[in-house]
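Input: a single structure, listed below in structure tokens.
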Amino acid sequence: MYQYCIYREKGVNFRSDINGLRAIAVIAVVLFHFKVAGFSGGFVGVDIFFVISGYLMTKIIFTKLEADSFRLSQFYLARSRRIIPALVFLCVVLLIGLWWVLPPSEMMRFSRQVASSVTFVSNILYWRESGYFDVTSHEKWLLHTWSLSVEWQFYILYPVALLLAKKIFSVVSLRWLLLGAAFASFALSAILPLRWADAGFFLLPTRAWEMLAGGLIFLFPMAFSKFQSIMLEILGLVLIVLSVVFLSPSAQWPGWQAMIPVMGAVLVMYAARGESLITGNRVMQFIGAISYSLYLWHWPIFVGLNYTDMANNHLWIMAGIATSVICAIGSYYLIETPSRSGTLLRPVITLSDVRLLVGYGVLCCSICVAGLAVLFFGGVPGRMSPVVVNADSEKLNRNPRQRECNVTVSQNPKSPQCIFGSQSKNIALVVIGDSHANAIVTAVAEAVAKDNSGVLYLGADGCSYVQHLSTKFFPACAKYNADVAALLAKDYPDIPVLIINRATAALVGPNEESKPAISYIDNTPSTDENFSRLFKQRYITTLCDMASTRAVYVLNPIPEMGVDVPQTLIRNQLFHHADADIGISLQDYYQRHREIRAINQEQVQACGAKILDPVPYLCDDKMCWGSVGGRSLYYDDDHLSEYGNRRLVPLFSQIQIEQKVLPTN
């Protein structure tokens, strides 16, 4: 098997050290994704892949440019043969397999991923959604294709740019231009993630320098003695190992830290030690040969384990890794190798290079159309039982103006100042807080906004209303809250305020599995004891300042289920045929929220704030329910849906009863 595998890989210029480096990269990525201890920085394997890709592409292009034999069609065909067949095969298998297990909304999301993956724009899709390291990323079956999209975009632009530049500059001069471009891209990658982390991670401009770094290895060749090569390889491998072991997803990436694994890869490639015991042994050569297929298959298998709640079971993790290798071997021999050699369809049909290139394009477009068709038909809900469809629909049953009224995270955030209820200038109540306020404001408006009055919403997701406090997610939260306080003092000096915060998460961290404690702008984790005292002081001061000029209502914490309620209902139905409702014990609720409830009660005595308690409306004498009669009250694990928040309308009606005079703005 080994000899056959390497025979397929070898060419005149085959470098076993690069093939071994591929193995190191894919091992790091796979073990990182499967959460194996000691591989917290395994995501740097993708950066190593970029370096390798840049070297090979530069070598191919410049060698043929110097010989005046470079043809774009041949270049794109070679890349298509390398990437497209195995990717399309994966997408087809997943489309067929997931048809039976994904509810409509998830099938729509997956179909969108398929369409973006085969058209190589998935990095843009994921940039516009959420971060690579977010918990929700574990539910995206084709998230890993973002790197293929970045590479393909590089493949499209790089040779075209070089061909145009060659008309002005000599081939020798081009290397200095590429060196300058690499420095510019690196500078951008160090700066952009500080403000737009997702853009810095997913987009080509901040990743191009890694591929150009590989290209510079070819453009600036160096000769070393055997001893020097050994030292270079050791130093390079040490840099890679240090990156894999000590870096973590909490780092702003790529950033300047990406220089460490990139330089490690560059040094290993400069060493060019084909006889290396580390990169040249048979095991590493075999893994390097199947690295692309292994990269393709391992992530959907991990997502499958996560989807069935087995991603934290050590035995299932080992089984998942083994299955990934088996699928990779099958993909390599049955799809990759024949497509690269041009024999995949040769027994059936013979095509010219141009027609074959067009055929690859048609193949990708066909899969894209299939994905879009599923999207167009709403995920084809007829595939699933009514229980699954109803639970799935609750995921989307949220504030219809959620996006419109949310505040964009920026250095100078501004509120859209949405008015719910009557759109007149008569404001009965102002609602401020974080995403819990956004989820509940429509119920508040139904209860309060009567007699030609409205409810003004000034909340911001991820920004609890506590003065002088900012999180890393929302660095300008303190400024935003100060602006809200100033706006209220100036334009709404005596209008009552309802504050709805997920304050427990702000104080002690989220309770969703695998979510870390909230990190504040001064790097203080929310679990720090000194911070707890500071938070309590600022929280009480904030509300007392507000209560000195107006009536202030504070909603006690909403019960947090700890699991995605609609998703759990769906999976219980699909995999266990169980219809039991989701809930937590009332004791667990009081235990988790005891500090915030105590602080809120202290505010009643300190400054006269009025407490609204959701417990009688969402809990009985033993349980707080996330679903009732099989219907979810939440659209995720802690945000009430439009169906669930209506249970609180009688609670908020107390505000209307107490505040009968409706001031005019």
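Just so you know, glycine gets a Cβ as well, placed from its N, Cα and C.
Lifted from TrEMBL, the feature list:
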DOMAIN    17-330  domain 'Acyltransferase 3'
DOMAIN    405-653  domain 'SGNH'
TRANSMEM  20-37  transmembrane segment
TRANSMEM  43-62  transmembrane segment
TRANSMEM  83-102  transmembrane segment
TRANSMEM  152-169  transmembrane segment
TRANSMEM  176-196  transmembrane segment
TRANSMEM  202-223  transmembrane segment
TRANSMEM  230-247  transmembrane segment
TRANSMEM  253-271  transmembrane segment
TRANSMEM  283-302  transmembrane segment
TRANSMEM  314-335  transmembrane segment
TRANSMEM  356-380  transmembrane segment
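Of the candidate ranges 43-62, 202-223, 356-380, 202-223 has the most C-beta pairs within less than 8 angstroms of the transmembrane segment (176-196). Contact between the transmembrane segment (202-223) and the transmembrane segment (43-62) is supported by 3 or more Cβ pairs under 8 Å, counting only residues 6 or more apart in sequence.
Long-range contacts of the transmembrane segment (314-335) within the same chain, counting only residues at least 6 positions beyond its ends with a Cβ under 8 Å from a Cβ of the stretch, are 5, 30-31, 34-36, 85-86, 89-90, 289-290, 292-294, 296-298, 301-302, 304-305, 344. If you count C-beta pairs under 8 angstroms between the transmembrane segment (83-102) and each of 20-37, 283-302, 356-380, the highest count goes to 356-380. Regional average pLDDT for the domain 'Acyltransferase 3' (17-330) in the model is 92. Residues 43-46, 48-49, 52, 144, 237, 240, 244, 265, 268-269, 276, 278-281, 283-288, 291, 294-295, 298-299, 302, 311-312, 317, 320-321, 324 of the same chain lie 6 or more positions beyond the ends of the transmembrane segment (20-37) yet place their CB under 8 Å from a CB of it. Remote same-chain residues near the transmembrane segment (283-302) are listed as 1-2, 5-6, 8-9, 16, 18-27, 29-30, 33-34, 49, 82-83, 86-87, 90, 94, 138, 141-144, 311, 320-321, 323-325, 327-329, 331-332, 335-336 (criterion: CB distance under 8 Å, separation of at least six residues from the stretch ends).
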